[in-house]
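*Asks:* The structure that follows is given in the form of structure tokens.
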Amino acid sequence: MSVPETTDDAAGSDAPSEPRSRFQKLISNSWIVVGIPALFGLIELSWTFQPTNDALCYLSIARSIAEGGPAANLGSQRLFYNPGYPLVIAPCFLTSEFPFLLISLVHWGLFVGFLHQTFRWAKRMLPDLAGPVTLLVGSSVMLKIGWQHFLSEIAFMFVLMALVNVVATARRQRGAGDIWIWAVAVTLAAALVLIRPAGAICVAGIAFAVAYFDGLRPMLRRNRNSGNVSEGDTRRARLWGPVAASFCLVLAAVGAELGVMAYERSQPGEVRKSYAEYLIDTVTSPGRFATAVADGITWRSQEIWQMLIPGLFKADNDPSQWWGFPLLCFYLVWAFCLSQGWWSLARRGDVFAWTLPPYLALHLIWPFDGGGRFMLPMIGLLAACWARSDILWLLIPRYRVPVLVGCAVLHLAIGFGHWIARDVPQRIELTQSMQELERLMDQIEHPSDDQTLLVSRGLPWREVIQLQYLLDRPVLTAEEVVNTREDKLVFAALPVERDPPIGKTVLARTDRYVVYAESKDSPPPSLPDK
């Protein structure tokens with residue numbers, strides 16, 4: 001049915017010298033290149049919730065699923081997020097109201113699975129460089145930050161790499177057995193989209209590679225003037241087999257996303273823009289489109305640098321500074337050099353390589369900065385592009401492996417130091433604030449959602465998110481309460497160092513926080529909202 005992917009040796013790499021042969025053998029061992037990052041990840045597991053708005057919503061959806069009721073996002077059945085990732089972590093809420101360590105273990109398992117799948121792919125496409133590439137990917141500080149937060153990236157990355165490898169296996173199979181492998185691939189394609197809508201773009205790239213490299217291109221290379229009818233039938237069969245497989249992949253992805261959209265529209269609650277509507281608004285507005293592309297080029301080019309180069313995971317490029325434009329030019333030159341490595345993989349029909357063009361195009365016009373998250377699913381491919389780019393290794397072709405391994409070691413050292421110096425103290429602080437807020441909520445009777453609102457007046461944003469997690473409903477700002485027309489009782493929470501306005505009834509107090517009751521019709525207190 002197909003032409004299997006080739007596995008030629010890494011281009012441009014010289015044969016290792018004898019003194020380095022033992023090192024080469026060691027660094028090619030999957031247990032080592034997967035086990036070392038996995039061990040560091042296990043040591044650095046988070047026992048608390050790293051507050052972000054997206055993580056809060058995912059946890060809320062997962063908790064509602066575990067409770068057996070309709071899926072809800074902070075009390076609203078309009079989820080806005082695809083339900084795939086919440087379904088993965090929902091069983092954790094069957095054990096505890098705060099299953100953060102268990103969710104971290106699930107993330108760690110997905111991380112290890114992702115590294116294993118990355119090594120399998122790299123071993124097929126870059127046999128001599130699979131170990132260094134996998135070690136570099138697993139050691140990246142940006143990836144560590146990404147998978148330790150309760151976000152959908154690591155589940156998406158694991159399913160994506162599993163899909164890439166299953167499709168590669170199906171392309172090599174011949175006979176009736178390949179139908180079942182393609183069935184697994186179709187299932188993974190649907191699962192990928194259920195986790196993140198961007199999965200549909202990746203599936204489209206995979207489908208193109210299968211249809212073109214396994215069907216259309218081999219047919220075009222054959223003799224079209226052959227008069228043998230049976231040979232013509234064989235050619236058509238070899239064409240339509242890959243095309244049919246590609247169609248099934250795309251159909252599964254589109255069907256999964258349409259199903260999510262239909263479910264979302266059928267639910268009661270406030271209607272919010274979908275991802276597609278955000279994109280349509282951006283593309284149809286020339287000014288907004290130009291701004292989005294300019295921002296996208298800046299964000300995505302620096303994210304590639306941040307993921308791969310040790311110590312630069314927080315090196316944001318500010319275009320307003322004098323060094324902003326020169327640094328952007330440097331990033332673009334770096335990206336151009338990586339494109340040479342990408343082409344060496346893409347021309348061989350690698351399905352993972354062909355996910356990059358549509359995925360990158362989508363996130364060049366996506367009008368949001370994900371703080372490095374959006375390009376994480378491509379980290380394995382980008383690391384391989386760096387390893388395969390002859391331009392970048394023109395002067396030191398014999399030192400690819402030592403440089404890649406050296407960068408991985410630096411990533412591990414920097415990440416471990418960052419964990420000790422910042423992550424551990426921050427997690428202790430977050431644990432203390434969560435416990436304090438829990439005691440605060442225990443002091444007041446929890447009224448139903450349709451009777452009350454809770455407003456934050458000066459609470460730090462992390463603690464506002466923690467408060468929303470405890471209540472499983474939104475905590476509004478002072479402005480949102482003023483603009484709310486519903487006749488509801490308003491509770492206000494503020495730091496303990498700020499005294500409540502005169503005449504307000506204090507409902508609860510801890511060492512850090514105060515909650516008091518205020519009437520919605522009364523003027524807001526003269527406290528700055530931060």
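Just so it is clear, glycine is given a Cβ too, placed from its N, Cα and C backbone atoms.
Okay, so TrEMBL annotates it like this:
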REGION    1-20  region 'Disordered'
TRANSMEM  30-49  transmembrane segment
TRANSMEM  88-115  transmembrane segment
TRANSMEM  150-168  transmembrane segment
TRANSMEM  180-213  transmembrane segment
TRANSMEM  239-263  transmembrane segment
TRANSMEM  322-339  transmembrane segment
TRANSMEM  351-368  transmembrane segment
TRANSMEM  374-396  transmembrane segment
TRANSMEM  403-421  transmembrane segment
*Asks:* Would you kindly check 30-49, 150-168, 239-263, 351-368 and say which stretch has the most C-beta pairs under 8 angstroms to the transmembrane segment (88-115)?
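*Replies:* Top-ranked stretch among 30-49, 150-168, 239-263, 351-368: 30-49.
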*Asks:* Which sequence-distant residues neighbour the transmembrane segment (239-263)? Criterion: at least 6 residues beyond either end, Cβ under 8 Å.
*Replies:* 1-2, 82-83, 167, 170, 182, 185-187, 189-194, 197, 199-200, 203-204, 206-208, 210-211, 214-216, 219, 274
*Asks:* Quick check: do the transmembrane segment (351-368) and the transmembrane segment (30-49) share at least 3 Cβ pairs under 8 Å, counting only pairs 6+ apart in sequence?
*Replies:* no
*Asks:* Quick test of the contact rule: Cβ under 8 Å, at least six residues beyond the ends. What residues does that give for the transmembrane segment (403-421)?
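*Replies:* Distal contacts: 27, 36-37, 40, 44, 129, 132-133, 135-136, 138-141, 144, 308-311, 313, 383, 386-387, 396.
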*Asks:* In the same chain, who gets a Cβ under 8 Å from the transmembrane segment (180-213) while lying at least 6 residues past its ends?
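*Replies:* Distant Cβ neighbours of the transmembrane segment (180-213) are 2-3, 82-85, 87, 152, 155-156, 159-160, 162-164, 166-167, 169-171, 173, 242-243, 245-250, 252-257, 260, 275-276, 349-359, 362-363, 377.
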